[in-house]
Amino acid sequence: MKRKFEEGLHNPEEKCAKSGFLTEVKAYIVPTGIGKTRCDLFKRQLINNGGEACTEYIPGHVTHVVIDEKIDVERLCRIMEWESPPNPANCKIVRSLWLSHCLRDKHLIDPSSYELDASRYTKNRDVTTSKDTVQLDAQHNPSAGGRLDVANDGQPSTSSVKSDKNFKRSDSLDQKKITSPDQDTDVESDYVPSGDEEGATTSRGDSEQPTAPPSGKSLPKGNWVCARSSAAPRVNYNKHITDKLEALAKTYENTNDKWRAFGYAKAISILKSHRKEIKTFEEAISLPGIGKRLAEKIWEIVESGELRKLNELSSSDEIKAINLFTNIWGVGATTARCWVAQSLRTLDDVREKANLTRVQKIGLKYYDELLDRMPRSEAGEIEKVVKETTQSIDPDLICMACGSYKRGKSTCGDVDVLITHPDGKSHKGVFSRLLAMLRQSGFLTDDLVRQEDSGNQKKYLGVCQLPGDGRFHRRLDIIVVPYDEFACASMYFTGSAHFNRSMRNLAGKMGMSLNEHGLFAGVIRQNHEKITKGYPLKTPDEASIFKHLGLTYRPPSERDH
């Protein structure tokens, strides 16, 4: 269905001016959540800067659908009365923040980091069951636990999927997910999050059992990752295989070949959980979730120690360039491919020829430094600087580093610092004052992103540098939260991402919802979509979250899955 704005503002056929930086944009702005005043402002600015503000959605004409930050793909399809979202190659669905940033920077920003991942929309998919199998349309979505083959056309094929349920989608603000059917052999992967049962694994051969839950509560079926300690990690008996497949999955991820990346990620997870070394083709194909094509690649690695497909891709100048460019902070796969299409191959090419955003210029400027993992001691020094500055504002403010530092890792990619106040109100006003003081001292050298629209939480992403000669520039995130959200925020920003997904998915299975803002009970879902938000549970500390979910408490050092 075509959705319309108020008549008279702009004719959908009116041609945009050719002089502005938005000349390539023909946008339909979905007013839900944005509001009339802001919509009108967006439309005027679009027209003034050479774009076209369409009064209705016309397939093949509209290049961008602009939506509110809180709208998910299912709700958007209901609003637009779409059977399925448009192909992102023809029309991109972007958050309104993208248009705001374009107008602010007076530059057409790459929309990839603002896009709604509409490819995972699988609502009301018809699934036909037989005695033990379900044949799924692999063009739309591979099975998370059935046999996955990565076909030559880039789409995984599926067979022997033990499921009779609809596809699921878990709620998340910050992480892109690919949905998967609800099934017994669902195995989690760090590469591609899947649906509501992604945190539960029942892979054959995994003998580890989760700790029995306290208070007599029984967990939903599955070997939940969040119920296990990471202190004694399992041996990967097939590391020689998974190393090759991880490199291949990363290459497909960087080239935006999502389905192939998905297929290999699931195979990697299955192989890592297998309790013995794979030595034959028959062993490989007998694994749950492994199809013929994947089994052939596994056998190729076992037999020769090499993978021809990986060697072919690794020797490609285009793939090498994409992998190089995606290591620039602020550059995604879409931008990297665009630069490669423009015959850019080196970082010098990017410096000289690419039209860089402000953030990408910073990422390129500190390319090597931001890729370098810092020793734990340096992360501790960064925490100390932020903490001392924070407590000079108010000594009662709580300030602590989260992330891999809190999990006890020996090296860290960046530092996440969480700030709150026990009285529940004195954290207000700290955010801007703290950033100003850290900039004035020279500790903060570059600002990347400043978010103040995530509920009551405020988040800053930037670059810092400790005083002294030879110090590297490091990535620093500062998050200020109200005290009643502190425990859930602390768990969220501590991670790992694998552990967090498992906790969220377990909460969903128990009729709850968990995010960085809180743990909510009484959540009603219909067709896996939230109908009611529920009510917040008291979470004075992280241990209380585990207790509500019927889990034994795990300290951060045991969450490094």
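Using the three backbone atoms N, Cα and C, a Cβ is placed for every residue, glycine included.
TrEMBL has this to say about the protein:
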- 17-116: domain 'BRCT' (DOMAIN)
- 126-224: region 'Disordered' (REGION)
- 130-142: compositional bias 'Polar residues' (COMPBIAS)
- 162-179: compositional bias 'Basic and acidic residues' (COMPBIAS)
- 183-199: compositional bias 'Acidic residues' (COMPBIAS)
- 200-210: compositional bias 'Polar residues' (COMPBIAS)
- Lys297: active site, nucleophile (ACT_SITE)
- Asp414, Asp416, Asp477: Mg(2+) binding site (BINDING)
>> At a 10 Å cut-off from the C-beta of Asp414 (Mg(2+) binding site), count the other C-beta atoms across all protein chains.
In response: 20
> Using DSSP, what's the helix, strand and coil tally for the domain 'BRCT' (17-116)?
Replying inline: 35 helix, 16 strand, 49 coil
> Taking just the CA atoms, what is the gap between Asp477 (Mg(2+) binding site) and Lys297 (active site, nucleophile) in Å?
Replying inline: 40
>> Return the count of C-beta atoms lying within 10 angstroms of the C-beta of Lys297 (active site, nucleophile), excluding that atom itself.
In response: 24
>> Radius 10 Å, atoms counted are CB only; among the binding-site residues Asp416, Asp477, which position scores highest?
In response: Asp416
> Within 8 Å of the Cβ centroid of the Mg(2+) site residues Asp414, Asp416, Asp477, which other residues of the same chain have their Cβ?
Replying inline: Cys402, Gly403, Val415, Val417, Leu461, Arg475, Leu476, Ile478, Phe493
> Across the domain 'BRCT' (17-116), what does the pLDDT come to on average, as a whole number?
Replying inline: 86
>> What does the structure give for the C-alpha distance between Asp416 (Mg(2+) binding site) and Lys297 (active site, nucleophile)? Integer Å is fine.
In response: 39
> In terms of DSSP three-state secondary structure, what is the assignment for Asp414 (Mg(2+) binding site)?
Replying inline: coil
> How big is the gap, in Å, between the Cα of Asp414 (Mg(2+) binding site) and that of the residue listed as 'active site, nucleophile', rounded to a whole number?
Replying inline: 35
